[in-house]
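> The structure follows.
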2 protein chains.
Amino acid sequence: MASVTVRSSSHDYEVLIGKGLRHNLVEFISSGYTSILVITDSTVKDHYLQDVKESLSEATPVFTAVVPAGESSKSMVRYEELLDSCVDVKLDRKSLIIALGGGMIGDLAGFVASTYLRGIDYIQMPTTILAHDSSVGGKVAINHPKGKNLIGSFYHPVKVIYDIETMETLPESEIRSGYGEVIKHAFLSDEDWAHRLLKGKLSELSVKQLESDIMKGIQVKASIVEKDEREAGIRKYLNLGHTLAHAIEAELGYGEITHGEAVAVGLLFMMKLSNELKGAQLPIQAYKEWLDDNNYPVSVLTRIRPDRMLERMMLDKKTLRRKINFVLLHELSDPYVVEIEEAQLLEQMSLLINEVSGE
Amino acid sequence: MASVTVRSSSHDYEVLIGKGLRHNLVEFISSGYTSILVITDSTVKDHYLQDVKESLSEATPVFTAVVPAGESSKSMVRYEELLDSCVDVKLDRKSLIIALGGGMIGDLAGFVASTYLRGIDYIQMPTTILAHDSSVGGKVAINHPKGKNLIGSFYHPVKVIYDIETMETLPESEIRSGYGEVIKHAFLSDEDWAHRLLKGKLSELSVKQLESDIMKGIQVKASIVEKDEREAGIRKYLNLGHTLAHAIEAELGYGEITHGEAVAVGLLFMMKLSNELKGAQLPIQAYKEWLDDNNYPVSVLTRIRPDRMLERMMLDKKTLRRKINFVLLHELSDPYVVEIEEAQLLEQMSLLINEVSGE
Ligand SMILES: NC(=O)c1ccc[n+]([C@@H]2O[C@H](COP(=O)([O-])OP(=O)(O)OC[C@H]3O[C@@H](n4cnc5c(N)ncnc54)[C@H](O)[C@@H]3O)[C@@H](O)[C@H]2O)c1
Ligand SMILES: NC(=O)c1ccc[n+]([C@@H]2O[C@H](COP(=O)([O-])OP(=O)(O)OC[C@H]3O[C@@H](n4cnc5c(N)ncnc54)[C@H](O)[C@@H]3O)[C@@H](O)[C@H]2O)c1
Ligand SMILES: [Zn+2]
Ligand SMILES: [Zn+2]
């Protein structure tokens, strides 16, 4: 078992990463809670809820609440239902919420925990690779019909318990999605790690490799968030690849492509801009091959129109000027923020689309 | 104009108290906001919304949202509506919410501000005397059908702007309500102030007196909350008089009697317990006269049944043992928490009811 300590403005918390942790929860969870509510989704429930319930202390009453799997559960309706559950099972100030699932459940259950009785303890038990990103950093939220994550708080878990074994049931697309954010963290922090990732195939991933990647990803995220919890400065670097990714997700409609897959495509555009406009020498060819080898849906680029992408990006950034701030890389592990003009963005996007179509 | 600085875990903020402040808001509000949403209730709107809008900078777009006056607006439905308004008028991270109203608006608008985009700035502009209590301390919340303030956050305003002049339109019952909390703060902190209050009549209150009482009340609240923001210890003292008050409010149904009036009656019971059971010599006779002179609804005591009150108090405290923690006073300005047994509570309550009926 590996462990990372994360410092936050309110308290420090441990991230435990290891195989089969869900079978030993009594060891990791304080016995002082009056009751526990496990919140999970309908898919994760079938796989892991029983294990989790069995491994919690018999001395503490355990309740469960299940929402339908999928991003659409990160909604006001589910939020209200879950608060009703908290009231119904009489959670008090000394109760605990466990968020068992991917980033959707982490964000939703975390927001419930942050506002029930003005905030009670919660533990993240991530069951997706992508959730290595969402389980650390304290951002919790639900979506509004008009935009993602518009309603939420900054509220840190008291612990993150990451059972690597639960990744075994993940469908391929969710592994790809998770590794979109893993490789982002590598690009942001560590050249050697990035090159190692680019040499590997996701279908041949070992548990050891996965555990190490998740731990390194969490360390990168934690160290940035510790320095800038409220995104006043360097936390922006975590948006590497995300400006285009958000535009693609919005354009295709959520669910068409996973978040991490969109990020992986966004990273390709980031490399293009860094190299062509700013003279960087990022390994764009190797990255393209890695995307292809692992079946990332790079072809979505042929389905989008540069001008529409641009409008979406400007909407997203609420900018009135015809320029957009991008996170780019001088070289691997050396990010910076720079303003890029509309015309250049359009040109580079068209070039990239042509390259991708031509292949 | 008087001013008090409040320290919180996230930032320090100023409470400005003075006559006519609503006419000079440009002076007190930073000009850096991209837009402002004023949230108020239907009654306060008619009195003061126009003044407030006219005195905000013309350079910043100002929007308004109005909810029906009354405690029932502190609900999930209104919360959602207000979030929709935030989205509709496109508030961004650099927008400001102004909570213009009593404690209901402060709690509701503060909760909206705490969760929109994971928290944006808000300013409290209290328009009731009671709100001297609610506008400081960072507790924001809405009610759940099953209980008051079950959903909320700790989230401090960036400023409190208290225009004493707005108190002039308050109905008598709201002045009484506010002074229930004022006298609580006096009992908790300052013998001289308490005696001065007991000698005065609310109907003869001068603006100068009011300003001074509000400022002193805020200082007491702030100094306790600064030492114990999350109610782990001494913040409990602020519940002086509240254990019975909550039971009375719940028993009579909310709206039958104002919160501060219920607190004033609760303080009488607190004095009774302190004197009879613990040998204190609190000025219970003078306090009874003050309550009578100012038309506090002490007679509600004749409408309640001690055994039902007890059940409610135990429910409220979620206690299984037949004992309840009370905040009592050794003497004025010397609070402590003590456990009192059921039988004693029943006896003292019956005695008090008899005294009150006999008068
Ligand atoms: N808070 C943050 O900082 C942050 C950061 C990044 C992403 N997010 C959020 O995270 C969410 C995306 O997270 P996600 O990709 O984990 O989505 P998710 O939680 O919806 O999980 C993806 C799918 O995988 C299923 N699943 C989860 N664990 C499984 C397992 N072990 N085996 C089989 N199936 C499993 C789920 O039921 C779901 O259908 C988004 O809502 C995003 O906004 C938040
Ligand atoms: N957050 C805290 O720490 C805290 C502390 C105490 C109370 N509270 C909350 O405060 C609320 C009670 O506050 P309140 O008593 O101010 O109630 P309120 O805001 O409902 O105001 C009482 C009534 O007075 C009217 N009113 C307000 N200002 C007026 C003015 N200047 N002139 C004429 N009418 C005016 C209102 O429209 C309302 O009808 C409760 O919801 C309570 O839970 C919160
Ligand atoms: Zn992401
Ligand atoms: Zn009160």
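For all residues, glycine too, the Cβ spot is worked out from N, Cα and C.
As listed in TrEMBL for this protein:
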type    : residues                                                                       : note
BINDING : B:Thr127, B:Thr128, B:Lys139, B:Lys148, B:Thr166, B:Met167, B:Glu168, B:Thr169 : NAD(+) binding site
BINDING : B:Glu181, B:His242, B:His259                                                   : Zn(2+) binding site
DOMAIN  : B:65-176                                                                       : domain '3-dehydroquinate synthase N-terminal'
DOMAIN  : B:178-319                                                                      : domain '3-dehydroquinate synthase C-terminal'
> Out of B:Glu168, B:Glu181, which of the binding-site residues is least crowded by other Cβ atoms within 10 Å?
B:Glu168
> Say you check the Cα of B:His259 (Zn(2+) binding site) against those of the binding-site residues B:Thr127, B:Lys148, B:Thr166, B:Glu168; which is nearest?
B:Lys148
> Excluding B:Glu181, B:His242, B:His259, which residues of the same chain place their Cβ within 8 Å of the centroid of the Cβ atoms of the recorded Zn(2+) site?
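Apart from the listed residues, the neighbours are B:Leu130, B:Asp133, B:Gly180, B:Lys184, B:Gly241, B:Ala245, B:Gly260, B:Ala262, B:Val263, B:Gly266.
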> Report the same-chain neighbours of B:Lys148 (NAD(+) binding site): residues 6+ apart in sequence with Cβ closer than 8 Å to its Cβ, ordered by sequence.
B:Ala141, B:His246
> Compute the C-alpha separation of B:Glu181 (Zn(2+) binding site) from B:Thr169 (NAD(+) binding site), stating it in Å without decimals.
19
> Cβ under 8 Å from chain A: which of the binding-site residues B:Thr128, B:Thr166, B:Thr169 qualify?
none
> Based on Cβ atoms within 10 Å, give me the single least packed residue among the binding-site residues B:Thr127, B:Thr128, B:Thr166, B:Thr169.
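If we count Cβ atoms within 10 Å for the binding-site residues B:Thr127, B:Thr128, B:Thr166, B:Thr169, the smallest count is at B:Thr169.
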> Give me the largest Cα to Cα distance among B:Thr127, B:Thr128, B:Lys139, B:Lys148, B:Thr166, B:Met167, B:Glu168, B:Thr169, the residues the record lists as binding NAD(+), in Å as a whole number.
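In whole numbers, the farthest two Cα atoms are 29 Å apart.
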> If I take the alpha carbons of B:His242 (Zn(2+) binding site) and B:Lys139 (NAD(+) binding site), what is the distance between them in whole Å?
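Cα-Cα, rounded: 16 Å.
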> Long-range same-chain neighbours of B:Met167 (NAD(+) binding site), Cβ under 8 Å, sequence gap at least 6?
B:Thr127, B:Thr128, B:Ile129, B:Ile175, B:Leu210
> Across the domain '3-dehydroquinate synthase C-terminal' (B:178-319), what are the DSSP residue counts per state (helix, strand, coil)?
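Final tally across the stretch: 109 helix, 0 strand, 33 coil.
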> Could you say whether, by DSSP, B:Thr127 (NAD(+) binding site) belongs to a helix, a strand or a coil region?
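Coil, per DSSP.
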> Just checking: which of the binding-site residues B:Thr128, B:Lys139, B:Glu168, B:Thr169, B:Glu181 have a C-beta under 6 Å from ligand 2?
B:Thr128, B:Lys139, B:Thr169
> Taking only the residues in the domain '3-dehydroquinate synthase N-terminal' (B:65-176), give me the average pLDDT of this model.
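The average pLDDT of the model in the domain '3-dehydroquinate synthase N-terminal' (B:65-176) works out to 97.
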> Tell me the residue counts in helix, strand and coil for the domain '3-dehydroquinate synthase N-terminal' (B:65-176), as DSSP assigns them.
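Counts, helix then strand then coil: 44 helix, 35 strand, 33 coil.
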